[in-house]
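Quick paste from Swiss-Prot:
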BINDING   S30, G31, G32, L33, D34, S35  ATP binding site
Amino acid sequence: MNLVTSKPNVLLNPLFAQLGENRHVLVGFSGGLDSTVLLHLLVCLRQQLIPELNIRAIHIHHGLNPQADSWVKHCMQQCDQWKIELKVVRVNIDPRQNGIEAAARTARYQAFSANLAAKEVLLTAQHLDDQCETFLLALKRGSGPAGLSAMAAKMPFAHSQLLRPLLAFSREILENYAQAQQLQWIEDDSNQDDRFDRNFLRLNVLPILNQRWPHFAQATARSAGLCAEQEQLLDELLAENLQQLQGPDRSLSIDGLLQASMAKRAAILRRWLASLGAPMPSQSQLQRLWLEVAMARQDAEPQLMIGTRQVRRFRQHLYLLMPLAEITTNYLPWATVKAAPNSSIIPLLPEPLWLPADLGVLRFVSAGGQAVRPAAVGEEISVRFGLQGDIKIVGRHHSRQSKKVWQELGIPPWQRERIPLLYFGEQLIAAAGVFVTQAGQANENEPCWHLDWDKPLKLG
């Protein structure tokens, strides 16, 4: 069959156009109707128009259906027939937080991201009916224009892009194509379970709407497109405002937000959270973020969870924190100092120390870092966490309480317990990357050690 001039061209031409210059694709392949049609179209494209097209398929084994193993076998046979490399990935689903559907989707896209090669783009097979369902589900949740934008035909994904080339076509069109090409596909019996919201819409709601209004799905897609346009316009209009309100550490100025209207402030907050990879907050979460975190009394240490991220406030700025690994020990022995074999007055430097809770590595280096006095031969070096008592630091004439020291140096509360403290014996020598105590001060014109903390990009 010559697909360039035949009826299936209605599906093939948009796919050809959307691929552009991309010649390496990874296809999400469940074995169902939609992804089978997409994979077949790509095979035809490779045969007739783009012989250099490199196609890989990925099948996600969710382990939720008794037939899952037989689906893997079907996908392997199909890919073998079409000479396509197939990757099968087994995932574990944890439905406790957002339910099975959301958990499966999250696991699926994590697997896609982990297996997407350097030059590849990801292709998935959502169609017009899926778009309509997504719009209605967002409407049910009370979403704004961002949520009602539903699914984009093209969007950034991992280090590359995600393309949905079938988004403008109904399931009926795909089914007609599959039957005409005598394709075989899997029918997932769980799709008939209307306890799931998406199935409920597909089985019980959309047939009635489409019977009454045959072009309901197309109209819904147009509305989703208009919402997406409005969001894109807001992104462009607010980009400069967001940049002006952000500090070098990507914290957000509360004083700057106070100058904005309520609507503009909410829009900026949403974009700030999205730019840092947080899930879209609900209206209630956004109100709590402002009232309970940003507007909390000055001596409070407010916090709010959004997904797995934590919003905190410090010095009139908002911070979005990644989940922080727990520090399970407050004391880490490092080394007992030994004399150098050449009888040098400078003892041997200890080997680098790997810190717990993803805090990086401490080491002594030949130059740079923090200059501290050398440890004496036989002196025990350790690292501890949790500054306590009165501290005398270099550059201050008087001792200060530990809390005052952190405040004066501008260290946010959530970082204070995660900063390694260097001890020689029972003497505090330095807080890595922050200060050196008078007890740890290197004497001028005398040899010294240089403490370097190779820490992760974000301490919190």
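Any Cβ shown, glycine's included, is placed from N, Cα and C.
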Including all protein chains displayed, how many Cβ atoms other than that of D34 (ATP binding site) lie within 10 Å of its Cβ?
23
Within 8 Å of the Cβ centroid of the ATP site residues S30, G31, G32, L33, D34, S35, which other residues of the same chain have their Cβ?
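So the additional residues around the site are F29, T36, V37, A125, W185, I186.
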Let me spell it out: for each of the binding-site residues (G31, G32), count the other Cβ atoms within 10 Å of that residue's Cβ, using every protein chain shown. Which one has the most?
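Answer by Cβ density within 10 Å: G31.
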Three states by DSSP: which one describes L33 (ATP binding site)?
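It is helical.
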If you skip the near sequence neighbours and keep only those at least six away, which residues in the chain come within under 8 angstroms of S35 (ATP binding site), Cβ to Cβ?
V27, G28, F29, T124, A125
How many neighbouring Cβ atoms, not counting its own, are there within 10 Å of the Cβ of S30 (ATP binding site)?
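Other Cβ atoms within 10 Å of S30 (ATP binding site): 21.
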